[in-house]
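**Student:** Provided herewith is a single structure, encoded as structure tokens, for subsequent inquiry.
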């Protein structure tokens, strides 16, 4: 005798159960969304590097979570229309995830900085201070960059980089590394304010797929490729 396979029961979520779920988890979901909103709203490198790193982690997790959800939708599609859209969304998400990694690796090869994997931007400003390369992300490749020294503290575009520097330590050039090319900024103006403070303005002077010679004698490395990044 042939056995008859009993179909698996189909569970449906009623409106009352959905309302009960929201009532039970509403407070926790509200706290989580409030936390994420605060991080995304106030996560800037010029304000708090710690908060900015948390923001980057949240943004970085968005793509794998999106891919997981789209795959889940493919497995448990309601009908063929939903299945088709889910497959398209999954392919798009995976392609964009791969493109992100490819661009990040290319930028990492150019700069040697882990900031290359920043999901927010592919622009990394680089400044060589007495042989030490500082690399930080910026949203845009501005026409001018401002470097400020306040009582020995070094700031670039408002982002604190280090201490123990003077105006005489500022280089003639700074760069902004992108995935496909390098932007060079030449120092166009320098003004001293007091004995230990001042600022310099760097103006975009050259754009191309090239590298600058290192300021470290005998190092054989390029300015945008120094490995002692901070």
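The backbone N, Cα and C atoms fix where each Cβ goes, glycine too.
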**Student:** Going by Swiss-Prot, do residue 49 and residue 137 end up on one side of the membrane?
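**Tutor:** Same side, per Swiss-Prot.
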**Student:** With Swiss-Prot as the source, which of 25-45, 109-129 is set down as transmembrane segment?
**Tutor:** 25-45
**Student:** Other than its close neighbours in sequence, what residues sit by the transmembrane segment (85-105), given a CB gap under 8 Å and a spacing of at least six beyond its ends?
**Tutor:** 63-64, 66-67, 70-71, 73-74, 77, 116-119, 122, 179
**Student:** Residue list, the topological domain 'Intravirion' (46-55) vs rest of chain: Cβ under 8 Å, 6 or more residues beyond ends.
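**Tutor:** For the topological domain 'Intravirion' (46-55), the far contacts come to 39-40, 120, 157-159.
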